[in-house]
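Written below as structure tokens is the structure these notes are about.
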């Protein structure tokens, strides 16, 4: 699990470490006018999300059909190295845009395969807590990477920043080469397990096998006779592709919406808050950046939230996250003048909004693997004998990328047209829409939970609920 957590830190780090550098690169290396810099910064951030959005499901399908996760993982890191080199050496807008698109593609590969590998490694009962550690690592990467990028750029220059990124990529490639997947390790252990079987049971085993062959022959003859007398006209039912089977799941769709809203929360704040606090409080980029800490820090509670999700299920935790987000978004409208009390109120509301978003995202991320497990329990051959974890987390990445695109567009458009206060309740509406479906379907249909008192075990109900 440590490798997957380090991967999440690495990807977020490489995304964030160059964010403070991009405006200076545009002005000093590409010679973009100062007035156009903000536009091209937004474009470079958006095309990253577009690459992630388009390629995440494709990467999921490819990763599930390969015999090993290591190959796609290494391919993603090679693409990441190439995209980083383009950003390092690029002196024109098209090269920088292409580099950011490729960085989004590499993120699709790395995130999809890393989360699928995590699902392969940990049990279903521990998946929530494992996702919580990924959430913690992501929060750490978001906090540290822009700071490191800014300091290294200020002290050592442009190329030193990319020297750090290449060192991180090289270290990650070494980790991938040293990675031993769980199913590969199981193959090494199988001979030891089979060699420990008692020899004294061999005669009895031969008798059982002889009886089984005799019974099988009798059944086969009977079936052949029946087939001649009554020829069958039924044909085996053609299965849908795994990704379509997953998209038909209401649990997946609810998790998709919740993850999209959580992504929109972060990107909407990223887009609108810096300019708003500059207008109201006169804060510069440093002051605006420090306010983001209030939104990110609650993500460090990820492992604890994940543990609660494993113990109690995602339904009420995710629903609480959405429900609490509504008033916290609306109350942000109260911040409208420059006083110490207003600054404290802003930071307090951002902490509370960050906590609500952490409840939402951490609890629902594990759903993408739990749905796969539940469907296999219902019908073992539902995915044609292959894993569907990568495709499921491909859907997860599509929802995150979709939120990363919608958040800036919706928040900026509403704020420019109607102001900050209208923007806050508009974002609250996006959260409110998902509350009822989350209560009804997250973790399975709520109406069937009542059957647990009639003798059905929790595991059996989950399998039925996820049909």
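Backbone N, Cα and C define each Cβ position, glycine as well.
No curator has checked TrEMBL annotations; they are predicted automatically.
TrEMBL annotations:
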{"type": "DOMAIN", "residues": "1-446", "note": "domain 'Major facilitator superfamily (MFS) profile'"}
{"type": "TRANSMEM", "residues": "12-27", "note": "transmembrane segment"}
{"type": "TRANSMEM", "residues": "39-61", "note": "transmembrane segment"}
{"type": "TRANSMEM", "residues": "73-95", "note": "transmembrane segment"}
{"type": "TRANSMEM", "residues": "101-119", "note": "transmembrane segment"}
{"type": "TRANSMEM", "residues": "131-153", "note": "transmembrane segment"}
{"type": "TRANSMEM", "residues": "159-179", "note": "transmembrane segment"}
{"type": "TRANSMEM", "residues": "252-269", "note": "transmembrane segment"}
{"type": "TRANSMEM", "residues": "281-304", "note": "transmembrane segment"}
{"type": "TRANSMEM", "residues": "316-335", "note": "transmembrane segment"}
{"type": "TRANSMEM", "residues": "341-361", "note": "transmembrane segment"}
{"type": "TRANSMEM", "residues": "393-413", "note": "transmembrane segment"}
{"type": "TRANSMEM", "residues": "425-443", "note": "transmembrane segment"}
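Same-chain residues lying 6 or more positions outside the transmembrane segment (316-335) and placing a CB less than 8 Å from one of its CB atoms are 258, 261-262, 265, 280, 305, 308-309, 342, 345-346, 349, 352-353, 355-361, 363-364, 420-421, 424-425, 427-428, 431-432, 434-435, 438-439, 442. Contact counts against the transmembrane segment (252-269), taken as Cβ pairs under 8 Å, peak for 393-413 among the stretches 39-61, 131-153, 159-179, 393-413. Away from its own ends, the transmembrane segment (393-413) comes close to residues 42, 45-46, 49-50, 52-53, 56-61, 104, 107-108, 111-112, 115-116, 119, 243, 246-247, 252, 255-257, 259-268, 270-272, 365, 368-369, 423, 426-427, 430 of its chain (Cβ-Cβ under 8 Å, at least six residues beyond either end).
Where the transmembrane segment (341-361) meets the stretches 12-27, 73-95, 159-179, 281-304, 425-443, the count of C-beta pairs under 8 angstroms peaks at 281-304. Between the transmembrane segment (281-304) and the transmembrane segment (12-27), the number of CB pairs under 8 angstroms, six or more residues apart, is fewer than three, so the stretches are not in contact. Most Cβ pairs under 8 Å with the transmembrane segment (39-61) belong to 12-27, among the candidate stretches 12-27, 73-95, 131-153, 159-179. Here the transmembrane segment (425-443) has long-range neighbours at 250-251, 253-255, 257-258, 261, 264-265, 268, 313-316, 318-319, 322-323, 325-327, 329-330, 333, 363-364, 367, 370, 410-411, 414, 462, 465, meaning same-chain residues at least 6 beyond its ends whose C-beta is under 8 angstroms from one of its own. Stretch with the most C-beta contacts under 8 angstroms to the transmembrane segment (73-95), considering only 12-27, 131-153, 159-179: 159-179. Sequence-remote contacts of a segment are chain residues at least 6 beyond its ends whose Cβ falls under 8 Å from one of its Cβ atoms, and for the transmembrane segment (131-153) they are 1, 4-6, 8-21, 24, 115, 118, 160-161, 164, 289, 293, 296-297, 299-307, 309, 358, 361-362, 365-366.
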